[in-house]
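Novice: Quick one: the structure is below, and I'll ask about it shortly.
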Amino acid sequence: MNKFLALLFVLALFANIAFSCEGHPEHDHGDGDHEHDHDESFVKILDSDNFHNSVSEHDVTLVMFYAPWCGHCKTLKPLYEEAAKQLSANKKIAIAKVDCTQHEQLCKQNKVQGYPTLVVFKNGKAEPYEGDRTTKSIVQTLEEELKPTISTLESNEDIEEFKKQHPISVVGFFDNDHDDRFKLFSELAGNNKKSAKFAVVIDKDFSKEHVESTPNVVLFRSFDEPTVAHKGEFDSESLIKFIKGNSVPLLGEINRNTYKKYESIAVPLAYLFIDSTQDNTQVLEDVKKIATSQKGNAVFCWVDMKKFPQQATHMGLSGKVVPAISVDSVANKARYNFDEKETFSFDTVSKWIQDVIGGKVSPFVKSQPEPESNDAPVKVAVGTTFKKLVLDSPKDVLVEFYAPWCGHCKNLAPIYDKLGEYLKDVESVSIVKIDADSNDVPSDIEIRGYPTIMLFKADDKENPISYEGQRNDHMNFVEFIQDNAAIEFKLPSSQTDDNVESKKDSSAKHDEL
């Protein structure tokens, strides 16, 4: 998820936090009962030896990565087992699980962040499970995965029935099934099956009853204008933009139940913040008119500030002014906020939106004030100085992305300061830290948790190297920097040099074992 979809990220976090246990695969809290695993005949037990073969031998495999001590895992367990039992006769589907306290590396490889994590493997390819955590939903979701990506419709009755079954359906009308554009549509359907249900009509005469010319695509939906025909070029970019942009209402509410629909919107996404206890009739009417005029250029949604008061501040607004509006542009990797001191009216907002789309508005960067003095061995970056201190620096730069409330970050602080002190006289290396909770960082930098530590090499700032080693000694970082830096440097003392070599020797011996 793009970092600048900040609202969506927070909504996703709040939606998921109730269904996952915090923890790390390295920490087994020890109150699980592993013996019972072997009594479950319908749930496959996976480990490093059989994992890859198991997820590849079935058309669809659902894997639960869990920890025995996790309360949410214990709650899910009987529902999961019942789903496995109900699906046991279907040899194309498998339900399995991995105990992350026993198979740490396997869980790390699958990027497990909390428990339980559910992943669907379809023909060996991994996708997050996005259904409800109930027996019924698990069964339905996996059975749905087996259905063809594209249905073939042969009559008006077929089309009407298809529309009734699916709130959003996309139908391609073709003369034949060997046209290159038919192949393009089929591939697009396979890659966007979660956005809508796809079908085709392969009949020139029948197609002409629904479209002016073939091939063409029509989107049917249960809201706003029910039938929308594609009018752009018949290529992937245009079709995806058409489908994503028309799969949501002209001005719909975004909340825990709907945020997924907005996740992959390809055009700028405008968030209107309102107070649901007030009369918003005129505001909604005005913004709906703006949304209509900008159709294809932007997608609009509204957020109830009463339900999600922290969302506006996460976008960089004060959270105290309603109505307010913010635009998130994935393409520009930028966020734009309407000045809360300005009068909120149809004219002012309409012009501002037009200027945002036209590239006339400067993006908002969440940033703390730049430190008056930044002479300490560990440099402090903020949102407005990150580019200067890190990306534009000619040095190899080690950066700690932290949050002030993070306990692990607090434990690391004296060690990181010691690292800065130790390397302060090495001209080619800079040690930097940034409060990533209070400052924006470039959206292509993936921060999965705090602290995240990365080395931005002097000759390759676009591909930082993540530090995955121990954090209990500053010399661990020294060794990491020396091994990966673009510019060679000498350590401050031969004694420490010996220490690093000793660690290398120890590591080599460990690898041999």
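Cβ atoms are placed via backbone N, Cα and C, with glycine included.
From Swiss-Prot, for reference:
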- 1-20: signal peptide (SIGNAL)
- 21-147: domain 'Thioredoxin 1' (DOMAIN)
- CYS70: active site, nucleophile (ACT_SITE)
- CYS70-CYS73: disulfide bond (DISULFID)
- CYS73: active site, nucleophile (ACT_SITE)
- 355-486: domain 'Thioredoxin 2' (DOMAIN)
- CYS406: active site, nucleophile (ACT_SITE)
- CYS406-CYS409: disulfide bond (DISULFID)
- CYS409: active site, nucleophile (ACT_SITE)
- 491-513: region 'Disordered' (REGION)
- 500-513: compositional bias 'Basic and acidic residues' (COMPBIAS)
- 510-513: motif 'Prevents secretion from ER' (MOTIF)
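Thinking about packing and proximity, how do these listed features fit into the structure?
Specialist: DSSP assignment over the domain 'Thioredoxin 1' (21-147) gives 47 helix, 30 strand, 50 coil.
Of all Cβ atoms in the shown protein chains, 23 besides its own fall within 10 Å of the Cβ of CYS73 (disulfide bond).
Note: the domain 'Thioredoxin 2' (355-486) comprises 36 helix, 32 strand, 64 coil (DSSP; helix = H, G, I, strand = E, B).
Proximity of CYS406 (active site, nucleophile) to non-local residues of its own chain (separation of 6 or more, Cβ distance below 8 Å) is seen for TYR450, PRO451, given in sequence order.
Under a cutoff of 8 A between CB atoms, and with a sequence separation of 6+ in the same chain, the neighbours of CYS409 (disulfide bond) are GLU400, TYR402, ALA403, TYR450, PRO451.
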Novice: Across all the protein chains here, work out how many other Cβ atoms are within 10 Å of the Cβ of CYS70 (active site, nucleophile).
Specialist: 23
